[in-house]
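To keep things clear, I will list the structure first and then write my remarks on it.
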Amino acid sequence: FCWQEWRHICVGDIVRLRKDSVVPADLLLLCSSEPSSLCYVETADIDGETNLKFRQALLVTHQELQSEESMAAFDGRVTCEEPNSRMHTFTGTLRWRGRTHALDGDRILLRGCRVRNTALCYGLVLYAGEWFDSKIMRNSGKIKRKKTKLDHLMDRLVIVIFLLLLLTSLGLAVASGFWARTFQEKHSYLAALYQHTSPAQQAFLNFWGFTILLSIIIPMSMYITFEFIYLVNSCFINWDLEMYYGAKDIPAEARSTSLSDQLGQIQYIFSDKTGTLTQNIMSFKKCCVNGTIYGNQGWDCSGSGLSREHPGEQRSDVCDVTLLEAAQRDNDPVLREFLRLLALCHTVMVEDRGDQLVYQAASPDEEALVLAARSLGYVFLGRTQDSITIRELGRTRTYEVLAMLDFNSDRKRMSVLVRDPQGSIRLYTKGADTVILERLRRRGPRESLTERALDRFAEETLRTLCVASREVGEAEFRAWSRRHREAAVLLQGRAQELDRLYEEMEQNLQLLGATAIEDKLQDGVPETIQLLKLGNIKVWVLTGDKQETAMNIGYACRLLTDDMEILEEKEVSVMCNPPSSHSEILQAYWESNNNLSGRGDAPCSRRLSQQCPETSCHQRAIIISGDFLDKLLHTGEVLKEKKGWPWRWPCCDRAEASQDQGGLVEKAFVDLATSCQAVICCRVTPKQKALMVQLVKKHKKAVTLAIGDGANDVNMIKTADIGVGISGLEGLQAVQCSDYALAQFSFLQRLLLVHGRWNYLRICKFLRYFFYKTFAGLLAQVWFAFHSGFTAQPLYEGWFLALYNIFYTAYPVLSVGLLEQ
């Protein structure tokens, strides 16, 4: 190996990195000095997250490339996608020694990240160059600037003012031409003065003279003052001690300095739930195993001997003596499988700190479940690329990992396929109840008890997951594994093919039980939502949780009240006898909302009017799911493709019927949702969150704000007019993409109702004051032209004109823009 500058590194080079080195190019990790060729990296310079992440080399390169000589002889061939800007995904294959190995993002070290806690690591350069081959360089393009309504207004005003200047100069120039002709005729001694210029030429010259003289009306200095006011008002936000969170030493941060006046015009707030309205500090509270609910009894865990392995370790809140004793007796096979699943089915990594095991989890939920299993005697000890080791009630067992079926927001579940020490193969799956329950082998009394327990947990605002497993035959696994290996090395359609294989494996499951994790509301959330509602700001909650949990959180934070009429998709479906499509549900919504049905005998509208005859006077809330939203918008897409009109809108005449039908479906839904006081969307994906914001902006032209704390909120934050990131426990991706960063949701009330109002008033009064003093100086000059023969003579001395906007009249106007309250 030799030292080389970054610019001289080429694709195909093998690079050796030491601890604390910055990765110079996008590399395929070949091996490292850590066990199983793990490499810990810090990605703060890429996504702002300071927590360590790990990357892992392929098992074959880890085993074969143990020396620098073997590195030099490495002749593998990597086939990968073209350079792109997708930071978190990678698709490729490694062909070496006659075998093809799949590559994904977990094998890649990106340029810009820093190696931590790893003495040595080696990587093969995939993307290099000082231009735009590496992913971080692909993401370094221009950032689209958000513009406020005042910005757009000012752009139009400047054009109007410029035209006004030209028209005024033209009028005065024409007047000067007429004046020169008439005055010359009456005063013959002026003939020598005008002998070389005609009145028309004199008017032409005076036009440019007046244009220069009146150019103070062009608000060039206004933009400079504008930016200064924005900057100082942003500093006021940064310095506000009432938005400083002392517990974590996090102040408010205005990451954008040009949107402060927009804060005072917010009409809709789109909020995530977990980590935004809640604390995102997960604690395992209850569970249901084989139809039996545990977690009702309080008990001091410290005396069980199972709660923690060593003093000072992370702790769980499992405090049910019945559950602890049942786990210790080890005579219930379903409970044993339940706890084993919690210890095996996850992506947690272990950091061994002497006599302590510290878990590094990608999400607080996973950490809470692994800690709960440890408290009950099933301790996760560590993992390699192909095995997981746990201690079950004092007995250490190692399970061979045959496949990891990863979680994503579309699948809403994850699974692990393992071979136990006895040679049996089992699939362990955990995920949302909606996706697990529909994949069960049978639905009996115990499954019904578990479903009732899920509803009960949701009523207590607990986050729920279902866990299930099944035994996999050797022949079935071999056939599936062969197709899985083939799909894993595809370059095109890999994700879709893997999802299809995962779906095939995750069938005929046996339900083991359900978990319930508590995530408490942040301080001041109910009061903040009440104040925002008083300010005519509507709050929409977009969450991935189940409907019952989201609904109960809505009541807990006073987004929903007892006197509200709750519209749910299933209720409207029943009222519509049942509707043949989601378009009929939306039609019933439209009729009820607008009271515009021209068909008094329509069954949908009649039933709605019977149940809520005074709907226009009542407050409403609407609760829908991501599936309903998908089907609804899919209906709109189908309507866009069809030439016919499958159902008639009662509010549309013949002219309107020729409009874009798919757009009307979207508009009808948005009209209904915006007429409600609150909207809760549950089981939504990150893409759907951004879509909801986009629909309101498109059809209502409203000023929107999105607030969230995790990577799944980034699209929503970028789509909204104002993006607010919460500095929470899910990293800093949301903060890095936001316009404003806060530590708590409750600080939003001061940001909008105090700073937002002040900034909007200041900017508006500044603009009025600025144009007033500008036109005051302008009109005096115009009036003087009538007394000077329209000869473009200045009324003021030249230095006065030059300093009029910059010095003489700047400070009173500036003080209004900075200090007005």
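Backbone N, Cα and C atoms are what each Cβ position is placed from, and that goes for glycine too.
Note: TrEMBL annotation is automatic and uncurated.
Within Glu227, Glu325, Glu366, Glu367, the residue that TrEMBL lists together with Asp272, Lys273, Thr274, Phe407, Lys430, Arg463, Thr543, Gly544, Asp545, Arg683, Lys689, Asn712, Asp713 for binding ATP is Glu366. Arg463 (ATP binding site) sits 19 Å from Asp713 (Mg(2+) binding site), taking the Cα positions as reference.
Residues Asp272, Lys273, Thr274, Glu366, Phe407, Lys430, Arg463, Thr543, Gly544, Asp545, Arg683, Lys689, Asn712, Asp713 are listed as the ATP binders, and the farthest two of them sit 24 Å apart at their Cα atoms.
A Cα-Cα distance of 14 Å separates Asp713 (Mg(2+) binding site) from Arg683 (ATP binding site). Counting in whole angstrom, Thr274 (ATP binding site) lies 8 from Asp709 (Mg(2+) binding site) by their C-alpha atoms. Counting residues 6+ beyond its ends, the transmembrane segment (157-180) has Cβ neighbours under 8 Å at 194, 199-200, 202-204, 206-208, 210-211, 214-215, 217-219, 782, 785, 789-792 in the same chain.
The Cα of Asp709 (Mg(2+) binding site) lies closest to that of Asp272, out of the binding-site residues Asp272, Phe407, Gly544.
Secondary structure at Asn712 (ATP binding site), taken from DSSP and collapsed to helix, strand or coil, is helix.
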